[in-house]
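Beneath this line is the structure, given in structure tokens, with notes to follow.
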Amino acid sequence: MAISYVQRKIERREGDRDLGSNPTTEVTITPILLPGDSNFPYEELSMVNASSPPVDLFKEVSINADDPPLKKILFWNDAYSNKHFGFGFGREPFLRAGCRVNTCMTTGDRSKFPLMEIDAVIWHFRAKDKSLPKLRSPHTRYVFWMMESASHLYGNIEPYNNVFNWTMTYRLDSDFPNPYSYVYRRRTPLEPTNRNYSAGKSKFAAWFVSNCNTIGGRDKLVTTLRKWIEVDQYGHCSSLKCERKDEKKCYAMLASDYKFYFSFENSLCRDYVTEKLFNILRLDVIPVVYGSANYSQHAPPHSYIDALSFPTAKALADYLIYLNNNDTAYNEYFRWKRFHRLPGWSKVARSYCDMCERLHTDNSTKVYNLKKWFVDDSHCKSKSSRDISSFINGF
């Protein structure tokens, strides 16, 4: 992987007066990657290029007598009222996803098979139905599924300690990481373009938000940023509206009119990066992210601006103003599109492919202390955390 140039960062130790001559000055060399360089995997040749799973996968299917013996996966409750968990039913989802091991099937019908024959039970903590099966075979893997942050449990997770064997969440250290999207390197880069992504854009920054007061303080951050830049706020917390039912029109307006979009998470927790970033990466606008994730693990180099990489909100605003006035620097944030892509449905499929394979190969036993692993180890911060408060209020 080529390193094109380096960024030198001078760090001052407490008590230093003359940074240039003090012998204890530390210099850290941080490699900066070109848009074509990254640690993301190349796209898989078998990868499905569908933005969403075909609707026929959302219907329960009968057992095909011609199928080989299949591992049985039961969706015990639901994912936001969806019994199919966004993946689908039967064996077909595994086949369409191009899984290396596809001899598995899913169902949301609790009576389809005897409970003692089920190989994996997928269970969503935020579902209204928090019951568990009355019978459990020693070979059945219980899978904890969660896409909301540890700051928004809305329930007591401790009674479920030492119940679940595997995890499928947005956390990258899950048994089956299930982030809101994946990024892949293109095997064949797109042709170069001289397009000016700034052309025709007359507005500075937009923010679509429905939760007006969050523990992470994104609302306070926007209030502070408005001291120096213009931010158009859409949603329940503002007079500007762009309804969810008109999502395509909203995104088209965003891409054509605005230079920046605030992809601010409602929670500042480890690895918590949602569609607020990934939906914007698919557009021609620069996302400004605000969260506690290591964003280099989620998005291509130079595809986003990390708010918390700046010492203060004022420093962030100054940089956005600089980009607004410099088309060359602004356009650098879109070069990654030649070399990377974000798949659609296959991001969901990847987790289930991995699970299917593990069901055939992994006989180990373990259980999770969910309070420790999912809550404590998420290291969630709030707007009152010292570093967050200093960033928001520092000028």
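Every residue gets a Cβ built from N, Cα and C, even glycine.
Look at TrEMBL and you will find 71-180 tagged as domain 'Fucosyltransferase N-terminal'. On the 0 to 100 pLDDT scale, the domain 'Fucosyltransferase N-terminal' (71-180) averages 96 in this prediction.
Feature annotation from TrEMBL assigns domain 'Fucosyltransferase C-terminal' to 200-373.
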Secondary structure tally of the domain 'Fucosyltransferase N-terminal' (71-180) (DSSP, helix then strand then coil): 11 helix, 27 strand, 72 coil
